[in-house]
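Trainee: According to Swiss-Prot, the feature transmembrane segment maps to 16-36, 64-84, 96-116, 130-150, 168-188. Residues or ranges marked as topological domain 'Cytoplasmic' by Swiss-Prot: 189-806. If you look up Swiss-Prot, you'll see 468-667 marked as domain 'FtsK'. Feature annotation from Swiss-Prot assigns ATP binding site to G488, S489, G490, K491, S492, V493; the stated evidence is sequence analysis.
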Amino acid sequence: MIRERKKSRHPRLPTLPLAAKASLYLFFACFSGLSLWSFHRDQPCTQNWIGLLGWSFSSFLLYFFGAAAFFIPLYFLWLSFLYFRRTPRPLFFYKAAAFLSLPFCSAILLSMLSPVGTLPALLDTRLPKFILGNNPPVSYVGGIPFYLFYEGQSFCLKHLIGSVGTALIFGFVMLFSVLYLCGGIALLKKKTFQDGVKKAFCSFFQTCFKNLKKLINRRNYLPKPSVPFVSKNPFSCTKSQPSPRRVSETIILDGSISPLPQEEIPGSKKESFFLTPHPCKRFLTKFVEPQENKAKEGKTIALSSTPTVVRESKGKERAALPKLKSLAVPENDLPQYHLLSKNREARPESLQAELERKALILKQTLTSFGIDADLGNICSGPTLAAFEVLPHSGVKVQKIKSLENDIALKLQASSIRIIAPIPGKAAVGIEIPTPFPQAVNFRDLLEDYQKTNRKLQIPLLLGKKANGDNLWADLATMPHLIIAGTTGSGKSVCINTIVMSMIMTTLPSEIKLVIIDPKKVELTGYSQLPHMLSPVITESREVYNALVWLVKEMESRYEILRYLGLRNIQAFNSRTRNKTIEASYDREIRETMPFMVGIIDELSDLLLSSSQDIETPIIRLAQMARAVGIHLILATQRPSREVITGLIKANFPSRISFKVSNKVNSQIIIDEPGAENLMGNGDMLVLLPSVFGTIRAQGAYICDEDINKVIQDLCSRFPTQYVIPSFHAFDDSDSDNSGEKDPLFAQAKTLILQTGNASTTFLQRKLKIGYARAASLIDQLEEARIIGPSEGAKPRQILIQNPLEG
């Protein structure tokens, strides 16, 4: 009843259909246009096409609006066009005001700037004479507004702000109206446009400052004569002092400096003249070798332009410019992020509205299941969006966790991840894929790292977290890393990102890499890097030798630290050298120890294909090599218990898991399920020892073209010097010394002869070695005619007797 009364009190007026409104505006446009076009002030009203009504209507419009009245028919025609097309009219009032302000301002500006003689004949004949009496026709162009605002006595802009100020005001009003009608205001509000304007201004001012600095330096470096003289050259500009000429920066050194011929020397013949030394001599002396003063008159120096000639007394000789060295690039000049390509993807403006809509759906879903909760922060990363849910008191966290599939259904998400609770917060986190995913460009991470003061020892620029923050890690504190993921999940791209992080932030003298690539195509492009300890290892028989060499290097470094009384590599590199103590050591002690990083791709394939036990040196390095700066990065497609054994897992606290096949593999690699629900293409879970729980992030991407650019740039800056050209030599020397037998061969032989059991699993259990090494020992015992060949399910026959029994 109340609603009906309200409706009856305020009845709605009937509205005209759109076609009727369009026709009405079209009629007004034709009426005003024909009446204005046929108006003539010297002709009677009967000559007007619309008659007396049209003549009076035109006089009224021209009297009040001046020349701007001719835009009124266009305004009605624009309205008719909008109604005919049924175009939506947001902010119609403001657009109409902007449309009408254009002719109004233009008429006033025309009245101010146009003299009487240059008025168009069309306007001069159509403006009424009785408007302002004997005033010149230029006043009529603006109509009454021009007379009131500019020429009148009550409010005269001409005397208040002058003609320039008036033109400035109305000109800016016209510019603002044009921008508003064309959508320029919305363009100005966009962040991309603002950033572009900022960059343009910054680059402009930087260019100005650089040019100003060059000009100042040019003036400072201009050579000045030590003694002024009078030139006899008739073509010289002044008689008292020669005009200084700019000396080119290009120098061709042929030897010492010689005096000019006597015929060309102005002044006395008893005086000698020498060329002014190059103005950048102070800079050049940093990169030149000192040379003995053996200047003779026969040698000359050539400059690219004519230098200033100065006079010196006889007997005084100026030292010749020394010979230039090959300018070496400073070691601290590393490749910058400018080499890499930019990320051209722009985040759409509708992302925030879409996330708010998702948040509303999430809250409604929780309410429908009887969960009272509020929503906290909404964070958006490159591929993920994270919502914070603040449950009320009495709500069980496990109840929210059990609604994972229902929430994914309501949000129409391919997969979600619920963090119950968020570590350090009284909230539950829900991560869903963002509706507008973006790739994480490695250039952005490198640019942020190079612009910050935070410097890591072995930086790993991995990607961006779910909230959009950068994910950086220091391998020196991790201290080893395992990367697992199926084919196409982003594992190989992550390895490339890790290698690029190290080579673009550290010098070749600070870090050395040992890369093992059984696939022979993924990482072989890094062989020419100056950071490499050896070329990329692709043969499985070299892998064991490389790992054994790293173990020996680890033991050698520990011996040096023990001798010097130091605890780790950081103390060694920052020590004060005592050359007397270090010289008494039996081997040479270097000034610094570089970090060494071993990167092994496809660990599972190596464990199956290698005949030697590579698990033992890996475990030894993982247990002991941290203090001496040797670190390992392992990658595998199959994170099963046969590959990632208990000893490996215990010594690799830092792990990265991309999408895996099942929950069991996820449990093995990150100690919790969830990796099987990842989206792939760089979506990863990172487990760090310094952080409680896992971190979800999007891995960075770098293309092959950028990798090749960086490698070429590094090779041009630093020479490639391998410490070990190949590990084949180690294999040959070991085979010559040991007779191609395992060090445990004698122990395995004694054990088999004593027990009478010759099986691979028996040796693996008793000697505590891996399966591959135990199988290799069985093969060596068979070749030595100690045991017989395999006979299927039957045990092997022992061919010799135990010497103790005999």
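A Cβ is built for glycine as well, from the same backbone N, Cα and C atoms used for every other residue.
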Trainee: If you count other C-beta atoms within 10 angstroms, which of the binding-site residues S489, S492 is the most crowded?
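Mentor: Counting Cβ neighbours within 10 Å, the top one is S489.
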Trainee: Counting only residues 6+ apart in the same chain, whose Cβ is under 8 Å from the Cβ of G488 (ATP binding site)?
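Mentor: Spatial neighbours, sequence-distant, of G488 (ATP binding site): G680, N681.
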Trainee: Excluding G488, S489, G490, K491, S492, V493 themselves, which residues in that chain have a Cβ inside 8 Å of the centre of the Cβ atoms defining the ATP site?
Mentor: G485, T487, C494, F658, N681, G682, G699
Trainee: Within 10 Å of the Cβ of K491 (ATP binding site), how many other Cβ atoms can be counted across all chains shown?
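Mentor: Other Cβ atoms within 10 Å of K491 (ATP binding site): 25.
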Trainee: For S492 (ATP binding site), what is the secondary structure state per DSSP, taken as helix, strand or coil?
Mentor: helix
Trainee: Test of understanding: give the count of other CB atoms lying within 10 angstroms of the CB of V493 (ATP binding site).
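Mentor: There are 20 of them.
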Trainee: Could you tally the C-beta atoms, other than its own, that fall within 10 angstroms of the C-beta of G490 (ATP binding site)?
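Mentor: G490 (ATP binding site) is surrounded by 25 other Cβ atoms within 10 Å.
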